[in-house]
Amino acid sequence: EMGNVELVRKIAGAWKELPASQKQVYEDARKADWQKYQQQLATYKAQLTPAQAAALKEERRRRLAKRRLFKARRELTVLGKPKRPRSGFNIFVSENFKDSAGISPAAKMKQLFDSWQKLSTTQKQPYLQLAEDDKVRYENEIKSWEAKMVELGREDLVRSGKQKTKKKTPETAKKAEPAKASSREKKAKLKLKKSEE
């Protein structure tokens, strides 16, 4: 009837109240189990081929890297790092996801991607404008957040090569927009293919 947390608290309280002489029995059993585990591990490692041992080592390295990345991302969330700006396509998806046809989320995304592709430039313009506004929001928030991190002594979290905004001429801006849009669309296609697999 008890929840796990409450049960663990009761057991921990009982453990604290045990005299050292009674705890020793459990400590001895733990040490015996540890020695048995070490022997089994040594036997297991001895029968591995060099390729298998290297694969296990690589897998362990990958798991540790993934864990470090997760901890770093969680720390950034706790410190209140602003969310990245959304693209025009992201905004389109968030507005139309519930209404889209499709049984699974992957099918809905495929349908939305096809709809996005069929939109004309003028139909995409409101979404692209919202994306530009979101980019401005992000830049303002990230600057103030980075200043706050410097005050807290966390310069390690500040972008090292701060993105310098180049002044664009009207011609350059017009040329860059389709290239950015096509690059985003390619990324969206790749994500869609991966989700379908």
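Residue numbering: from 1, along the chain as shown.
Just so you know, glycine gets a Cβ as well, placed from its N, Cα and C.
Note: TrEMBL annotation is automatic and uncurated.
Residue ranges 44-71, 128-155 are listed, and TrEMBL annotates 128-155 among them as coiled coil. Within its own chain, the domain 'HMG box' (1-45) has Cβ neighbours under 8 Å at 53, counting only residues six or more beyond its boundaries.
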